[in-house]
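Asks: Below is the structure I would like to discuss, written out as structure tokens.
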Amino acid sequence: MINEDRLWNRLMELGEIGKQPSGGITRLSFTKEERAAKEKVASYMKEAGLAVYEDAVGNLLGRKEGKDPEAAVVLVGSHLDSVYNGGMFDGPLGVLSAVEVLQTMNERGVETKHPIEVVAFTDEEGARFSYGMIGSRGMAGTLSEEELVHQDKHGISIAEAMKAAGLDPSEIGKAARRKGSVKAYVELHIEQGRVLEQANLPVGIVTGIAGLVWAKFTVEGKAEHAGATPMPIRRDPLVAAAQIIQMIEQEAKKTGTTVGTVGQMQVFPGGINVIPARVEFSLDLRDIDAAVRDNVFQSIIERAQQIGQERNVKVTVERLQEMPPVLCSELVQNAAKEACKQLGFDVFSLPSGAAHDGVQLVDLCPIGMIFVRSKDGISHSPEEWSSKEDCAAGANVLYHTVMRLAMGE
Ligand code: HGY
Ligand code: MN
Ligand code: MN
């Protein structure tokens, strides 16, 4: 069994990095907070006896050699970056559990056929640039320099942020792994939903990951005096945006499986006595079925254009990123099921509404995930919480899952 006190203490220690007076943790990619988190985790990896390095897109890796150095590597990990004012488990639980698994193996002198690498992926969340999974795209070899133009709210592009972090955007291709060089990718993660809690179970095995599309809506009207402009002649983009956002909720509710969220909004110029000139807001739309999601997205775009015409404002929609829904491999799901049985846990399978780096790796290698129960299903919030016992349960299932994959069974 893994050392649950060591795992928990590291989770709590890491949870101090990026703590916000306004609550929660903000550790955005290529910032000093994320750098500090990487340094801390690199020190844990060294304590675990791993060879520590960073690749060309800033993924942090810790490697344990196998008996057969030619054998494909078993990759296990998650991410260290967070959303704004997020929780302390989303990402770090998977990275620190992976370190704990390898440290326990090394302490017991366990030798595996396959080498094993712990990975902390760069920028899984995409919170800073509204464009995510830079690290896993880099490892999959699907990241191009053109994608590094996305900017944060200060106008800094991903490429500029990478340079400031000591990386060379023109070298990102070096992070790509050759197909066949990775046997499998396994990620332990908090569920971020209510299913395990309602089933009264500490751990679950993920069957598939929902696919998301992120978009930016711009509504342009006419800035005018709040006091001197009669209501009937206004071209108010904020009222139009409010109507579009209500419509988004209606359209997403229709299918019963789709989820739609407007999380960001900016009003220009933003004066209390000025009818806005322009409004920008985001859309995060997801479904486990890409066709269902895309039909909802199409309806939203069409109805938004209609609202624009009715209100004499200009509506434009820019697609920021799209990730297809993916299925987890039988190889990893079966290894996790055997691990659950070995430990006496119910074998319980569930889909993931949240997106994860595995989505980017499906063409590189078989992927799979293990979930740990989330208190009240809350995540991406300072209230995000999982118990020490559940974290240990997840890490023990991860240990036996990785053993099966790395022993070459
Ligand atoms: O947005 C997500 O689903 C993940 O937390 N990046
Ligand atoms: Mn997240
Ligand atoms: Mn996550």
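Quick reminder: no glycine exception, Cβ is built from N, Cα and C everywhere.
Straight from TrEMBL, here's the annotation block:
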| type | residues | note |
| --- | --- | --- |
| BINDING | H79, D90, H189 | Zn(2+) 1 binding site |
| BINDING | D90, E125, H380 | Zn(2+) 2 binding site |
| DOMAIN | 208-308 | domain 'Peptidase M20 dimerisation' |
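Help me understand the surroundings of these features in the structure.
Replies: For D90 (Zn(2+) 1 binding site), the same-chain residues lying six or more positions away in sequence with a CB closer than 8 A to its CB are S82, V83, H189, I190, Q192, S379, H380, E384.
DSSP gives H380 (Zn(2+) 2 binding site) a coil state; it is part of no helix or strand.
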Asks: Among all protein chains shown, how many Cβ atoms are found within 10 Å of the Cβ of H79 (Zn(2+) 1 binding site), not counting that one?
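Replies: Other Cβ atoms within 10 Å of H79 (Zn(2+) 1 binding site): 31.
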Asks: If you run through the domain 'Peptidase M20 dimerisation' (208-308) with DSSP, how many residues end up as helix, strand and coil?
Replies: 41 helix, 33 strand, 27 coil
Asks: Ligand 2 is in the model; which of the binding-site residues H79, E125, H189 have a C-beta less than 6 angstroms from one of its atoms?
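Replies: Among H79, E125, H189, near ligand 2: E125.
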Asks: How many Å separate the Cα atoms of H79 (Zn(2+) 1 binding site) and E125 (Zn(2+) 2 binding site)?
Replies: 8
Asks: If you check the binding-site residues H79, E125, H189 one by one, which have a CB less than 6 Å away from any atom of ligand 1?
Replies: E125
Asks: List the residues in the vicinity of the Zn(2+) 1 site, defined as same-chain residues other than H79, D90, H189 with C-beta within 8 angstroms of the site's C-beta centre.
Replies: S78, F89, G91, P92, L93, G94, E124, E187, I190, H356
